[in-house]
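Features as listed in TrEMBL:
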SIGNAL    1-25  signal peptide
BINDING   62, 174  molybdate binding site
């Protein structure tokens, strides 16, 4: 039967093309605080270049992401903008306690986009806030976003909160706070230094660390990670010298020693 072999070959090809794409394994999924989203994509590129499978990055405020995780979102790792929410997930049995590590310490800046109206003479600083010569100041929600909490702390420390509180425009995340200023819905915004380094231009003031509690950013592998092996491999990469250099270059302070968070 000379036609059997071609028929079988065609059948095999047909079966291969009929396998649904959904049957393939999903990539590693990272839940990343909005301030770190740009840096996470840089790290994903570096990780892939080393032979790892490229992870997907989902970003939002730390509080929003933590809520999604408690509701069963299929993330593998959580890169928070604080230490509190990873600890809470560990307490709930939703994250591996041995995996918790401090991957970055954030830096807060007061940012003014190019073309802001009315313009504020550079350099920006505490005097800009004290002068109160603006109509809107964007911050992220202090209840769900650590950079928002740091912004409120800084305003109180400077003694200007009561005079500017009615001018605050509250965003869902630090990424949205930056967008409010870029779009003209605010003249100034409190954002992360790393966001300014992403090429958004404008002028900024690096808020002195003494004005707010350290923004300690912790990461954890989630207990129900669909890809636990790959998740731990990425966590090892995150603590390595290449990742640490990239994180520092992006505008963060990196811990003196890589490893498990205290």
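Cβ atoms are placed via backbone N, Cα and C, with glycine included.
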Binding-site residues (62, 174), the one with most neighbouring Cβ atoms at 10 Å: 174
Structural state of residue 62 (molybdate binding site), classified by DSSP into three states: helix
